[in-house]
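Please read the structure below before turning to the comments.
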Amino acid sequence: MSWLPSFPYGPKVQSMWEPATSTINFCEEDFYLTGYVAEVMNVITNSLYIWLAYKGAAHVFKHDHPRIFAICFMSYGIIGIGSILFHGTLKYSMQLVDECAMIYTALTMCFATFSHGRSPVKQFLVLLGCVGMGLTITLVYHYLKNPLFHQNAFALIMITLLSHSMYMMETNTRGKDPAATNLMWKMVIWGICVFLTGFGVWNLDNIYCQQLRGWRREVGMPWGFISELHAWWHLLTGIGSYILLVWGQYLRATLDGRSEEYELYWPSLFSIPSVDKKDVKYGKSQQANGKANGKANGKAANGATANGIDKKKKKSI
């Protein structure tokens, strides 16, 4: 790719955030463009979280979804903000914001799932359990400072959450709406696949880091940005997580017996899904006109039938 126009990677610039205190670092070289941003591509790709968080939270209020999902999307956005600050500064405090927000977002979804259909007392107990688990994980992680503990805790929460949600989906919605259940299975499987692809790409980034860095130096910028595989982790896990959040919304609408009020807008696997309330999407007036036209057509048909009967009677007389 030497024939392509490019800019060489320069030497490391003096950091404005010294000293670096984070317990982990990634394959993207640090401070190669500016002293204010350590890992440029990792910072840029996290903007996806902020945009999707705004989109998701605004959609909750516009389409009258349970407000717990607005909290989920806001927490999802904090992951992006924390990750931007972490990858920009390599500070341990910002690392905690990034990684703890992942735990809190997952636990918020756990509350939305495990409290559904429960009495107020049981909902409060579920809330206490989620808060207690979040605080415990935070304190233990801060003490151990071991990224593997955080990764395993997050994975365990997600496996528990998804397993229970899938069980609820299959046992409670299959008989009511098989088509919607099949669509939800497609959605959750796709979301998990996208997320796990991001995880796999990140592992490749760790394994082949030296080779990737050497290739970047050969091809220069911006072509070297393609090989920033941790940046791809942000994009893929961000999209995968968003799909799973929207799946949770659609599942809740179906469990609440409101599937007739909502429809899933997901034209292709590579589009961003949403669960739209029909009277908001199409307008109440259109639905009212549709009902009115239906009634009018029905009356007209009845009238025509009555006239036909009268004519037959007259002929027979």
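FYI, residue positions are counted from 1 along the chain as it appears here.
Note that Cβ sites are derived from N, Cα and C of the backbone, with glycine treated the same way.
Glu39 (Ca(2+) binding site) has a Cβ environment of 26 other Cβ atoms inside 10 Å. The Ca(2+) binding site annotation in TrEMBL covers Glu28, Glu39.
Look at TrEMBL and you will find His87, His230, His234 tagged as Zn(2+) binding site. For the recorded site, His234 (Zn(2+) binding site), the DSSP three-state label reads helix.
Here TrEMBL flags 288-308 as compositional bias 'Low complexity'.
Residues or ranges marked as region 'Disordered' by TrEMBL: 283-317.
According to TrEMBL, the feature transmembrane segment maps to 31-54 (among others).
The transmembrane segment annotation in TrEMBL covers 66-86 (among others).
Residues annotated as transmembrane segment in TrEMBL: 92-112 (among others). Note on the transmembrane segment (92-112): residues 21-24, 66, 68-69, 71-72, 75-76, 78-79, 81-83, 85-86, 126-127, 130-131, 133-134, 137-138, 141-142, 147, 150, 153-154, 157-158, 160-161, 241, 245, 248, 252 of its chain, located 6 or more positions outside it, place their CB under 8 angstroms from a CB of the stretch.
For 124-143 (among others), the entry in TrEMBL reads transmembrane segment. Cβ atoms under 8 Å from those of the transmembrane segment (124-143) belong to residues 96, 99-100, 103-104, 107-108, 110-111, 114-115, 118, 149-150, 153, 157 of the same chain, restricted to positions at least 6 beyond its ends.
Under 8 Å from some Cβ of the transmembrane segment (149-167) lie the Cβ atoms of residues 99, 102-103, 106-107, 109-110, 113-114, 133, 137, 140-141, 188, 192, 244, 248, 251, all in the same chain and six or more residues away from its ends. Marked as transmembrane segment by TrEMBL: 149-167 (among others).
As annotated by TrEMBL, transmembrane segment applies to 187-204 (among others). If one looks beyond the transmembrane segment (187-204) by at least 6 residues along the same chain, the residues whose Cβ comes under 8 Å of a Cβ in the stretch are 162, 165-166, 169, 229-230, 232-237, 239-241, 243-244, 246-247, 250, 264, 266, 269, 273.
When Cβ-Cβ distances below 8 Å are used as the criterion, the transmembrane segment (231-251) is approached by residues 28, 41-42, 44-46, 48-49, 52, 56, 60, 65, 69, 72-73, 76, 80, 83, 105, 109, 112-113, 162, 165, 168-169, 173, 180, 184, 187-188, 190-199, 201-202, 205, 225, 262, 264, 272-275 of the same chain, each at least six residues removed from its ends. Annotation comment: TrEMBL describes 231-251 (among others) as transmembrane segment.
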Residues lining the Zn(2+) site besides His87, His230, His234 (CB within 8 A of their CB center) are Phe26, Glu28, Glu39, Met41, Asn42, Val43, Thr45, Asn46, Ser83, Glu228, Ala231, Trp233
In the three-state DSSP scheme, His87 (Zn(2+) binding site) belongs to helix
According to DSSP, Glu39 (Ca(2+) binding site) sits in coil
For His230 (Zn(2+) binding site), the same-chain residues 6+ apart in sequence with C-beta under 8 angstroms from its C-beta are Phe26, Cys27, Glu28, Glu39, Asn42, Trp202, Asp205
For His87 (Zn(2+) binding site), the nonlocal same-chain Cβ neighbours (under 8 Å, six or more residues apart) come out as Phe26, Val37, Ala38, Glu39, Asn42, Val43, Asn46
In all the protein chains shown, the tally of other Cβ atoms within 10 Å of the Cβ of Glu28 (Ca(2+) binding site) is 25
